[in-house]
Amino acid sequence: MHPENSRSSADNSQIGNGTPETQNGAETRAAVPPSELQTERDGQRSCSATQQHYSLKPKESETDGQGVHWEAEGKPHPEDSTVQLMDTAGSDKHPQTGPVPTAPSGHQGQGFVPPEGGFGWLVVFAATWCNGSIFGIQNSFGILHMMLMKEHQDTTDQTSQFRVAWVGALAMGMIFFCSPVVSIFTDHFGCRKTAVGGAFVAFLGLLSSSFATTLGLRYFTYGILFGCGSSFAFQPSLVILGHYFRRRLGLANGVVTATSSLFSMGLPVLLKKGAEPLGLPRTFQILSLFMLIQSLLALTFRPLLPPGGSTAEGAGTEGLRRYFNVRVFSITTYRVWAFGVATAVLGYFVPYVHLINFVKERFGDTKWEWVLLVCIGASSGAGRLLFGKVGDLIPGVRKIYLQVASFMVLGLMSMMIPQCRVFEGLVVVLVFMGLCDGCFITIMAPIAFELVGPMQASQAIGYMLGLMAVPMTAGPPIAGLLHDYFGNYHVAFYLAGVPPMVGGIVLFFVPMAYRRLQGRQGEAADPGSNPGAEPGADHMLKNCSNGDMLPGYTDMEADI
């Protein structure tokens, strides 16, 4: 008998629905003993501080025949926090005297039911501003690139394109390079604190860039500070949508990314009309205001799922294992998907950095080159909204086929850029590139949720973005180096189209691998081992937190 679980009859005179229950002249209230309800662990860790034991009826101890296990209804057990499961249907052994409460679904991976709206739409607006501010500035870097070339041009340096391209490439690359660290911060501190801090660092980076006078200093202020801050602000905006939407997650992502593309359409016009008269320092100061506003809007990122650090095991070695969780890489389909996407983005950012300079070399001073960036932004917005809805209609991991198609077309369009002899032809090519860009970005988070589940999605997205960092950062400087060597952009754009096609071919096999591994899991299952269990009962509970397991999460599932 556990003395800490005892209660006096005066304190425990009601049970469940408030009806007194008497045994041997004493009013009692007790929980079903753990010996009958304890779920088999087999080395699996339970998610602590989030599951509860519930009172049903008293039962004598199997050891002494007299002791009664007492537990307060709805309070966590101090010694064992494993979820206690009981199937009362068709059982006469434990009659149910009232409604059996269930553990809050928000603390379970698969049992969590998001609100699908309400306050979530305000979160969507904040995420829209975040995505728009960050990628509107990044996608408009072609104009900033030309201004930086004028300010830091050295006629004796034959690698000027290569050196200046590093400013924008570092900023874009740091967004993805920092993602694994951002995942740890998001799991430990939550989406809100991480996003607010990141947006403020990005604000400081842009503001300090206005006072920088050397290219090396701008590597740090714009490339490192703005890039890192953007990463800490951007990734929580992807994760938080999964807290408020599940059935309409694709639509929510589509709304965020499509509406944020208005920034990609408007900022090139703003920079073209205002940047040159105002000068580069004042331009950076104006852009910094976008991130300052984002630091305030990120206060709406109130998570509904607990951060990974909220469990009792959050200290010591177990805490480090949770925060540096690499379990997602044991999922075969996720591993192939992440490396396929990382391969595809080697040439992804090349047009955004070098397009304006290419137009000036090919068509001279048209004064309409900024229209090309507007075309990319507009078509990308349309693609995000369209493919966000289409993604909701495609079940499971088959959403990846959308990414396959987008990467194949993206690579082909990149190769066609040097073939455009008229300005209008280039517009058509860039419209298709924008549509593919919208498709790729919109369904990235939904695919991660499909492959690893909601509770590991943060780290799954983080590691995947981290893998994208090196190729995405290396692409524009390599293209600049090829330009400096050959004297034109032909080879650079041709080679930039190869990696997306290779990545698309790799991604094509992910759904097939997923179905094969599911088939293996079905063959490994032995339905006759527990004839009294309901079908699928062992899958009642899945991931509880990053790296934390609940009963029913089999080892075979880690391979899917």
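Using the three backbone atoms N, Cα and C, a Cβ is placed for every residue, glycine included.
If you look up TrEMBL, you'll see 1-107 (among others) marked as region 'Disordered'.
Marked as compositional bias 'Polar residues' by TrEMBL: 1-26 (among others).
Taken from TrEMBL, the feature compositional bias 'Polar residues' applies to 45-54 (among others).
Look at TrEMBL and you will find 70-80 tagged as compositional bias 'Basic and acidic residues'.
Residues or ranges marked as transmembrane segment in TrEMBL: 119-144 (among others).
Residues 134, 138, 141, 144-145, 148-149, 152, 194, 198, 215, 218-219, 222-224, 226-228, 230-232, 234-236, 349, 352-354, 459, 461-470, 472-477, 479-480 of the same chain sit 6 or more residues outside the transmembrane segment (164-182) yet have a Cβ under 8 Å from a Cβ within it. Feature annotation from TrEMBL assigns transmembrane segment to 164-182 (among others).
When Cβ-Cβ distances below 8 Å are used as the criterion, the transmembrane segment (219-242) is approached by residues 114, 120, 123-124, 126-127, 130-131, 134, 138, 166-179, 182-183, 185-186, 191-192, 194-195, 197-206, 208-209, 212, 249, 252-253, 256, 284, 291, 294-295, 298, 301, 303, 444-445, 449, 454, 457-458, 461-462, 465 of the same chain, each at least six residues removed from its ends. Annotated transmembrane segment per TrEMBL: 219-242 (among others), in sequence order.
Look at TrEMBL and you will find 249-271 (among others) tagged as transmembrane segment.
Annotated transmembrane segment per TrEMBL: 283-305 (among others), in sequence order.
Residues annotated as transmembrane segment in TrEMBL: 326-350 (among others).
Residues annotated as domain 'Major facilitator superfamily (MFS) profile' in TrEMBL: 328-560.
Here TrEMBL flags 370-388 (among others) as transmembrane segment.
Sequence-distant neighbours of the transmembrane segment (400-419) (same chain, 6+ residues past either end, Cβ-Cβ under 8 Å): 337, 341, 344, 347-348, 350-351, 355, 358, 387, 390-391, 394, 426, 429-430, 432-433, 435-437, 439-440, 443-444, 447, 488-490, 493-494, 496-501, 503-505, 507-508, 510-511. Under the heading transmembrane segment, TrEMBL lists 400-419 (among others).
Residues annotated as transmembrane segment in TrEMBL: 425-449 (among others).
According to TrEMBL, the feature transmembrane segment maps to 461-479 (among others).
Residues annotated as transmembrane segment in TrEMBL: 491-510 (among others). With a cut-off of 8 Å between Cβ atoms, the residues of this chain six or more beyond the transmembrane segment (491-510) that come close are 333, 336-337, 339-348, 350-351, 354, 358, 397, 400-401, 403-408, 410-415, 417-418, 471, 475, 478-480, 482-483.
Just going by CB pairs under 8 A, the stretch in 119-144, 249-271, 326-350, 425-449 that sits most against the transmembrane segment (370-388) is 425-449. Highlighted: of the candidate stretches 249-271, 283-305, 461-479, 461-479 has the greatest count of Cβ pairs under 8 Å to the transmembrane segment (326-350).
Sequence-remote contacts of a segment are chain residues at least 6 beyond its ends whose Cβ falls under 8 Å from one of its Cβ atoms, and for the transmembrane segment (283-305) they are 106-107, 112, 114-115, 119, 122-123, 125-126, 129-130, 133, 136-137, 144, 147, 190-192, 195-196, 198-200, 202-207, 209-210, 222, 229-230, 233, 236-237, 240, 243-244, 271, 274-275, 454-455. Between the transmembrane segment (249-271) and the stretches 119-144, 425-449, 461-479, it is 119-144 that has the most C-beta pairs under 8 angstroms. Within the model, the domain 'Major facilitator superfamily (MFS) profile' (328-560) carries an average pLDDT of 78.
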